[in-house]
Amino acid sequence: MSKSRGCLGYPLSIFFIVVNEFCERFSYYGMRALLVLYFRNFLGWDDDLATAIYHTFVALCYLTPILGALIADSWLGKFKTIVSLSIVYTIGQAVISVSSINDLTDHDHNGTPDSITVHIALSMVGLILIALGTGGIKPCVSAFGGDQFEEGQEKQRNRFFSIFYLAINAGSLLSTIITPILRVQQCGIYSQQACYPLAFGVPAALMAVALIVFVLGSGMYKKFQPQGNIMGKVAKCIGFAIKNRFRHRSKAFPKREHWLDWAREKYDERLISQIKMVTKVMFLYIPLPMFWALFDQQVALARLSLELLVPSPPQTPVISDPTFQKPEGSRWTLQATTMTGKIGAIEIQPDQMQTVNAILIVIMVPIVDAVVYPLIAKCGFNFTSLKKMTVGMFLASMAFVVAAIVQVEIDKTLPVFPGGNQVQIKVLNIGNNDMTVYFPGENVTLAQMSQTDKFMTFDIDKLTSINLTSPGSPGVTTVAHDFEQGHRHTLLVWDSSQYLVVKDGLNQKPEKGENGIRFVNNLNEKITIQMSGKVFENIASHNASNYQFFPSGTKHYTINTTTELAPNCKSDFTSSNLDFGSAYTYVISSASNGCLEVKEFEDIPPNTVNMALQIPQYFLLTCGEVVFSVTGLEFSYSQAPSNMKSVLQAGWLLTVAVGNIIVLIVAGAGHFSKQWAEYILFASLLLVVCVIFAIMARFYTYVNPAEIEAQFDEDEKKKGVEKENPYAEPVSQTNM
């Protein structure tokens, strides 16, 4: 064990550990942010396979910490485990970077790999190595950092875990900004494509830097030697205690203070005492998976969301990370899609709101550690680790309450969509005459080139007839159409006997806060329209295109017709400034001068509730995370015996993994008709978990593993002296 040099009261060695963690998290999150797009666009997998492999990889990253902890505490020690698995990790990152080189198998230089199997095989090997590396070192690095502190440096050690958590979030935040920007660059020897080799190569380089920085600090680290197969001893000791208790279950045998005391016949007191420390903490962790399951409803994988903000190059279509399309990872993002992102002169996209969590963590960790905790201590309040964790749970539950309040405000502004047996109909008159439409119990008269103010709702079984007429026309036309229940429809009319019913296909606000645009062709020929890189192809005369979706801002579009326009007529147009979550119909007609003219009709109004209202809920959630997660790391370390530090860190990470498994099991099991009610349910469940944890924490007795182990060392030393001189008699007053 080497002595660590100090700087400002802290071991100098922790600088190398923190920098290592920053680079490693940059490497991991930067690589992971690209995976689904890489699977989809480069390997050519469909969304289902890409999603399945992605989730399998993430699950593997959460399972390997147990393996890394066992290797560290039982065999190699933390330092050698971190170095060994970091080498594996770096190789894995390099392999996946090589797998993304298109020219590796593109022997005919046509821009397409000749053997995609080679790329797939390399990718899978790389991901397995990365999962083994990142998961294996995860519990070791934090525990190894804690090992660098001496007795009496508890305050500095606690602050180290805050700095450590800050490094995690800073690395992940920067990587998810930088690597997508690298991806959209063009590179290649024979054909220019999205530069996945560079985007994966930078994380690989950062992992190599992490390894080099960590090794450079080798001479300064305090390194504890492993003490054999400790987990094997623990399992055997627990098994023997249970078996021995079962054998002596009759009343003839007196009870023992602790159930593990039944192992005394075979195992020494030190091991039994160490296992008691670990089992006490693990028992306290029982409610935590449910906390993580609920907590991760909002922040799981949020740091990957910046991938969605970077435009793709041509011929490289963007798909969103499917994780964000599932209920477990995107409820607050979905809430943001029903809000407007215009905050003063700034415009924020819904996906960007998820990054508020990571940004606030970077801000709040030093504030909480350097300002909030000292102020609480000055007030004389004994703010113990378990109290901090309880407060963190409570703050997280309050975040859901705020989210519910925001949702109620949003619901007031949302349009009403048809229910199960209902249909909604809007009439759009694109003709040159006034039109009157007769619905059951309601008549609508529309001037030329106008529409009804809103969608009209009808029970499908009561929608018996719809009739059309116009001034001067001799008869009445009956609309014959089988309306699909639960959907919106637009009735296009341009003559008393000519109409078309179009199923809109929008039964909710457009996803991701985008804006739906469709075109109605009021010309006597087919047209094709190109709008901001998307094509509305071959729209028939007096027909409507499907909606396509665009982000906020003005959009330029070109109308292509078979008829040659006059020299003074334009075919290029610009849309109005699109906001968030709206839908519009653009009717293209021929003006009196023979030029094209476009008229805009609103189908779904834009969002009005501002995304800034989400900041309080993200603030509360972030404060809860900082207080809970940082303290959990420190508590897991401080309450673990010296030979099981990594194991207990892995146990802490395992609660996160189990929480995510719970999410996957219950995802999609059911949804509330009102989103605010679901948020209240989450808040209530979090509060219940908080109360259960608080009660369990009330009966927890803090221990100092170092003191307990020192006492055992002292006792063993005394026993050793007695064995060396068995005939020595104790000096007593009587002898004197």
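Glycine is no exception: its Cβ is also placed from the backbone N, Cα and C atoms.
As annotated by TrEMBL, transmembrane segment applies to 12-31 (among others).
Long-range contacts of the transmembrane segment (51-72) within its own chain (CB-CB distance under 8 A, at least 6 residues past either end) are made by residues 32, 35-36, 39, 45, 78, 81-82, 85, 127-128, 130-132, 134-140, 143, 226, 231, 322-323, 646-647, 649-650, 653-654, 656-657, 660-661, 664. Taken from TrEMBL, the feature transmembrane segment covers 51-72 (among others).
Sequence-distant neighbours of the transmembrane segment (79-96) (same chain, 6+ residues past either end, Cβ-Cβ under 8 Å): 24, 27, 31, 68, 71-72, 122-123, 125-134, 136-137, 140-141, 144, 200, 203-204, 207-208, 210-211, 214-215, 218, 221, 223, 646. The transmembrane segment annotation in TrEMBL covers 79-96 (among others).
The feature transmembrane segment is assigned by TrEMBL to 116-137 (among others). Counting same-chain residues at least six beyond the ends of the transmembrane segment (116-137), those with a Cβ under 8 angstroms from any Cβ of the stretch are 24, 28, 31, 38, 42-44, 53, 57, 60-65, 67-68, 71, 81-82, 85-86, 88-100, 104-105.
Sequence annotations record features per position, and here TrEMBL assigns transmembrane segment to 158-178 (among others).
Marked as transmembrane segment by TrEMBL: 198-221 (among others).
According to TrEMBL, the feature transmembrane segment maps to 277-295 (among others).
The transmembrane segment annotation in TrEMBL covers 358-377 (among others).
Summarising the annotation, TrEMBL assigns transmembrane segment to 389-408 (among others).
Per TrEMBL, the feature transmembrane segment maps to 650-673 (among others).
Proximity of distant same-chain residues to the transmembrane segment (679-700), defined by a Cβ-Cβ separation under 8 Å and at least 6 residues beyond the stretch ends, is recorded for 280, 283-284, 286-288, 290-291, 294-295, 297, 331, 386-387, 389-390, 393-394, 396-398, 400-401, 403-404, 407, 672. The transmembrane segment annotation in TrEMBL covers 679-700 (among others).
If you look up TrEMBL, you'll see 714-736 marked as region 'Disordered'.
Here TrEMBL flags 715-726 as compositional bias 'Basic and acidic residues'.
With respect to Cβ pairs under 8 Å, the transmembrane segment (12-31) is most closely packed against 198-221, considering the stretches 158-178, 198-221, 277-295, 358-377, 389-408. For the transmembrane segment (158-178), same-chain residues at least 6 beyond its ends with a Cβ under 8 Å from one of its own Cβ atoms are 10, 14, 17-19, 21-30, 33, 142, 145-146, 148-149, 202-203, 206, 303-307, 355, 358-359, 361-362, 365-366, 368-369, 626, 629-631, 633-634, 637.
Residues 291, 294-295, 298, 332, 335, 609, 613-614, 616-618, 620-621, 623-629, 631-632, 635, 675-677, 679-680, 682-684, 686-687, 689-690, 693-694, 697 of the same chain lie 6+ residues outside the transmembrane segment (389-408) yet bring a C-beta within less than 8 angstroms of a C-beta in it.
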